[in-house]
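Annotated features, as they stand in TrEMBL:
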ACT_SITE  193  active site, tele-phosphohistidine intermediate
ACT_SITE  491  active site, proton donor
BINDING   295, 332, 443, 444, 454  phosphoenolpyruvate binding site
BINDING   420, 444  Mg(2+) binding site
DOMAIN    10-130  domain 'Phosphotransferase system enzyme I N-terminal'
DOMAIN    158-228  domain 'PEP-utilising enzyme mobile'
DOMAIN    260-529  domain 'PEP-utilising enzyme C-terminal'
Ligand code: PEP
Ligand code: MG
């Protein structure tokens with residue numbers, strides 16, 4: 001294998017697991033030679049140029065659809081969306097405008113894509129996430145025009161570590177976990193597209209790795225998705241032993257069957273995050289004691305009009321029904337706005353949507369929206385017999401919490417609020433005077449504490465829940481819960497990190513809610529640590545100067 005001069009690279013660990021394989025370096029570019037060879041004079045007529053653009057866009061779209069037909073589930077949706085974006089009328093209109101202004105064909109494609117990149121970036125959140133997708137489509141169309149194969153991930157011949165600047169949805173959607181041993185990206189944070197897909201597929205993944213693109217193709221890489229390290233050209237024998245030890249440890253994790261508790265028997269509720277009836281039914285088969293976060297807004301991303309109370313009640317009942325008996329479901333009221341635009345709720349044209357009218361704030365000038373949703377939850381709880389707790393997102397003041405709690409209690413349901421805004425963490429003790437429980441949304445709490453957009457790929461080192469300031473706010477909230485004798489859970493991505501989960505429990509967190517795929521590793525890690533170990537881990541993490549030091553300190557304590 002070829003070796004590189006960079007021995008150890010570090011980034012943000014996203015999916016645990018150790019892998020050892022040669023690097024397959026993905027370069028998202030069309031070769032400069034092909035670009036130089038392109039005869040732009042042949043497309044001087046704007047109409048002829050537009051025909052060539054249409055053909056290339058259609059070919060790219062067809063390619064996505066072929067890939068979509070070969071995969072299933074989320075991957076199909078992602079690829080079908082990309083196929084649509086390649087033929088987007090707005091994008092075509094932008095390209096045509098530049099052609100008519102006398103610009104060359106390749107320049108017009110680039111300018112059209114850039115124009116949309118600016119628009120999507122300005123919209124922020126989920127739309128900004130599509131920028132990688134859009135640039136990828138621009139590259140593919142350009143490749144067709146200059147007669148090159150489309151850039152992106154080829155099919156590896158043997159298990160490989162994919163190394164890329166960032167991966168477009170179209171690249172990750174068709175990944176075969178049997179051939180992709182690990183994913184390493186130079187950009188991207190824990191909530192980036194690459195991270196989400198890696199988590200779903202269970203492929204060890206480290207993102208935000210400075211220097212990743214300096215790795216030479218074929219270099220042997222030892223990737224540790226727990227430590228966030230990428231070792232180049234390690235000793236082969238040692239690397240193989242580490243992979244084997246990791247595989248054995250994972251096999252032990254997979255057999256964990258609940259219920260959640262520490263090695264000395266302290267109970268910790270292990271719960272699932274769900275988005276709809278289908279994910280709820282599949283989560284119900286995992287060893288969980290309930291649902292800790294039902295993101296209701298995800299049911300309505302494609303809806304233009306608000307569904308009636310009846311329709312909402314039947315959607316919610318599908319989610320509640322699998323969790324009858326002694327389990328329960330925490331329903332979160334609509335968290336529309338910012339990165340989750342819902343047509344019938346979101347305020348349009350906000351300058352700064354993440355700090356705007358999102359979550360509970362939507363009810364300030366539209367209280368009926370919240371009232372109708374609560375009526376529907378009440379009906380769903382009654383029709384299924386499942387215990388329903390209800391919490392509001394983006395709560396900033398105690399008065400908001402109190403008003404929400406009154407509405408929920410008047411319907412015979414149990415009220416709580418999410419702690420996603422630093423003000424809510426600082427006032428957790430007073431929030432708990434008016435609600436029955438708190439649930440910490442570490443994704444947003446991190447974003448708002450660090451003033452760093454959770455989707456910004458360049459700020460991954462800041463959007464990390466291991467940041468000492470974030471841990472401090474979690475500790476304050478957990479302590480308030482302990483004093484009040486009321487439950488305080490975590491339902492952000494932090495709960496899915498086995499080591500961080502122990503830290504959270506050491507702070508006094510009483511429940512952990514996560515993607516169903518993370519339940520067993522988290523439950524098993526917790527079962528190996530005593531309450532005392534968790535408390536020591538919490539102290540060590542809080543005392544560390546940065547996320548890297550915190551992870552290292554906790555790993556040294558918990559193994
Ligand atoms: C969070 O912010 O941590 C959270 C759970 O909410 P969402 O990720 O849906 O914003
Ligand atoms: Mg949130």
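Each residue, glycine too, has its Cβ placed from N, Cα and C.
Distribution of TrEMBL features across the structure.
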{"residue": "295", "record": "phosphoenolpyruvate binding site", "contacts (Cβ under 8 Å, 6+ apart)": "273, 274, 275, 332, 335"}
{"residue": "420", "record": "Mg(2+) binding site", "contacts (Cβ under 8 Å, 6+ apart)": "359, 393, 394, 395, 440, 441, 443, 444, 445, 448"}
{"residue": "491", "record": "active site, proton donor", "contacts (Cβ under 8 Å, 6+ apart)": "271, 273, 292, 293, 330, 418, 439, 440, 441, 513, 514"}
Exercise. Taking the recorded positions 295, 332, 454, 491, which residues show a Cβ-atom distance to ligand 1 below 6 Å?
Worked result: 295, 491
Exercise. Which number gives the other C-beta atoms within 10 angstroms of the C-beta of residue 443 (phosphoenolpyruvate binding site), all protein chains shown included?
Worked result: 19
Exercise. Widest Cα span across the phosphoenolpyruvate binders 295, 332, 443, 444, 454, in Å?
Worked result: 20
Exercise. What recorded positions among 295, 332, 443, 454, 491 have a C-beta sitting less than 6 Å from any atom of ligand 2?
Worked result: 443
For this session: Mind giving me a neighbour count for residue 444 (phosphoenolpyruvate binding site)? Other Cβ atoms within 10 Å of its Cβ, every protein chain shown.
Result: 23
Exercise. Three states by DSSP: which one describes residue 443 (phosphoenolpyruvate binding site)?
Worked result: helix
Problem set entry | Around the Cβ of residue 332 (phosphoenolpyruvate binding site), the count of other Cβ atoms that are within 10 Å | 26
Exercise. For the domain 'Phosphotransferase system enzyme I N-terminal' (10-130), what's the model's average pLDDT?
Worked result: 87
Exercise. Per DSSP, to which secondary structure element type does residue 420 (Mg(2+) binding site) belong, with helix, strand and coil as the options?
Worked result: coil
